[in-house]
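For 14-147, the entry in TrEMBL reads domain 'MARVEL'. The transmembrane segment annotation in TrEMBL covers 20-37, 43-70, 82-101, 121-143.
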Amino acid sequence: MVPQNTFSTFHQPVIMSPKGLLLITQILFGLLVWLLVGGTDILHVPALCWVMFVAVSCWILSLSFFIIFLSEIPIRAPHIPWTVLSLCVNAAAACLYLMAAVVNTATVNEATRGRHNYKCWTASSCFAFLTALSYVGSSCLSFREWRHIRAPSAVSSV
């Protein structure tokens with residue numbers, strides 16, 4: 001007798017879709033950002049507290065969206081406008097992460113070159129820009145999906 005897969009509710013193709021790959025990128029790069037910043041002495045630089053807030057908040061949102069899409073909740077709850085919600089969250093996260101990446105880059109000057117904080121803040125600013133770029137990509141995909149959904153209703157109403 002073959003045991004049943006306990007993860008039968010998970011939708012595997014989501015992982016390999018562009019949306020899923022960008023979510024995985026956001027989760028991995030976002031995790032690196034907040035681990036690199038959090039592993040330093042950020043209390044002496046209040047701007048890095050903002051970077052940590054954005055990084056952790058967006059990481060939790062990305063992880064939540066990944067679990068939601070992986071478990072096919074949008075199919076089970078079609079009354080929720082998932083495309084619009086995804087577009088709004090990704091666009092807001094892209095803006096916040098871009099600001100956090102700029103702030104993170106500006107704080108690199110406050111660290112002594114060659115020290116632990118300098119190396120971590122430099123790496124985290126690089127990953128923050130990559131994370132912001134992945135949120136921009138997700139926003140573009142969500143916008144294209146939203147526009148594709150909206151196009152038939154606009155034609156039929158004319």
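Placement of Cβ uses the backbone N, Cα and C atoms for every residue, glycine included.
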Spatial neighbours of the transmembrane segment (82-101) far in sequence, C-beta under 8 Å, 6+ residues away: 26, 50-51, 54-55, 57-58, 61-62, 65, 74, 125, 128-129, 131-132, 135-136, 138-139, 142-143, 145-146, 149
The domain 'MARVEL' (14-147), counted residue by residue under DSSP: helix, strand, coil: 117 helix, 0 strand, 17 coil
